[in-house]
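One structure is given below, encoded as structure tokens.
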Amino acid sequence: MSENQRLGLSEEEVEAAEVLGVLKQSCRQKSQPSEDVSQADKMPASESSTTPLNILDRVSNKIISNVVTFYDEINTNKRPLKSIGRLLDDDDDEHDDYDYNDDEFFTNKRQKLSRAIAKGKDNLKEYKLNMSIESKKRLVTCLHLLKLANKQLSDKISCLQDLVEKEQVHPLHKQDGNARTTTGAGEDETSSDEDDDDEEFFDASEQVNASEQSIVVKMEVVGTVKKVYSLISKFTANSLPEPARSQVRESLLNLPTNWFDSVHSTSLPHHASFHYANCEEQKVEQQQQQQQQQQQQQLLQQQLLQQQQQKRNKDGDDSASPSSSVTANGKVLILAKESLEMVRNVMGVVDSTLGKAEEWVKQKQEVKEMIRERFLQQQQQYRQQQQKDGNYVKPSQDNVDSKD
């Protein structure tokens with residue numbers, strides 16, 4: 001063993017000590033004797049100021065002081081030995097160290113980027129899972145609310161059908177009253193008494209209640225349609241895939257056009273039958289009037305003229321567009337039917353989407369179960385193979401021991 005190893009010194013410490021010794025010797029050689037120092041002290045201040053120090057002396061003194069401070073710091077364990085090596089090495093060595101540090105920096109940066117990308121992928125998977133769960137919940141709630149809207153619209157449709165039937169019954173009294181008021185100038189007292197008797201059976205409160213009920217039903221139908229629109233736009237905007245979303249959008253946008261077309265193409269046959277019934281009743285009344293009032297020919301002629309005008313007006317109403325024969329309640333009834341059809345279409349789209357999603361989840365679960373079963377089978381086979389290998393090796397070891 002060498003002396004340095006015995007003392008426990010490393011090669012770097014030995015080199016630093018040698019450098020320090022060389023620098024100290026150079027400092028002693030350059031230092032002036034004590035006599036020169038005393039003479040320099042005795043010299044006047046003007047002369048001392050005029051003799052400047054050499055530049056090399058200044059630089060060497062700075063280098064020596066820096067090296068001494070570094071050596072002291074090494075002894076006190078304040079700075080590692082690598083600092084001295086970096087200061088004393090050449091420019092090439094410093095360049096090599098810099099490149100090495102750059103490589104380490106880039107490797108660390110790559111590791112950080114890879115970790116960030118992996119973390120982002122995990123977060124994206126979790127976000128997709130949460131989005132799928134939330135979209136499923138939204139679609140389920142939307143389907144439940146659409147079923148409630150479907151039930152409400154079906155109830156309103158039945159109510160509107162009753163109101164339309166009542167409206168088709170009540171106009172008979174109004175038309176008969178109007179016809180009789182127009183022909184009242186040519187009728188006698190007996191016909192006026194019959195009109196009074198007929199008007200006594202007509203109840204106006206029923207008409208008022210029917211009108212109020214129709215207004216309430218109309219408001220409820222319109223409010224239900226608005227709620228359905230807001231509900232679909234809220235729950236199915238980001239939850240449905242693209243083909244289903246386009247189908248829902250198309251069904252929503254086609255509701256006004258479908259309602260308009262159905263209103264202008266719908267003809268209520270009940271009105272025509274009522275018109276024919278009115279004509280037959282008027283003919284019977286004319287025959288009775290002719291039998292009773294044979295003497296009043298002039299009045300009968302006026303009645304015939306008026307009846308012809310009424311027939312012309314009624315024929316014109318029948319030949320007019322079918323939308324003129326549709327009442328307000330009939331239009332609301334058509335709106336409710338079209339809205340009900342739209343709701344059913346949206347329900348079908350949402351239900352089919354949920355069914356496809358459930359089938360996809362089942363397929364994924366089946367694939368995972370298959371992979372898990374295969375993995376377990378492979379593990380069992382591997383363990384059995386290990387057991388066979390171990391049973392085969394053990395007898396050989398026993399035989400070797402017995403031979404020994």
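Each residue's number is its place along the chain shown, starting with 1.
Just so you know, glycine gets a Cβ as well, placed from its N, Cα and C.
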Among SER10, SER26, SER48, residue that the record in Swiss-Prot marks as phosphoserine: SER10
Of 123-129, 200-206, 298-304, 354-360, the range Swiss-Prot labels motif 'FFAT': 200-206
Within the region 'Leucine-zipper' (139-160), residues counted as helix, strand or coil by DSSP: 22 helix, 0 strand, 0 coil
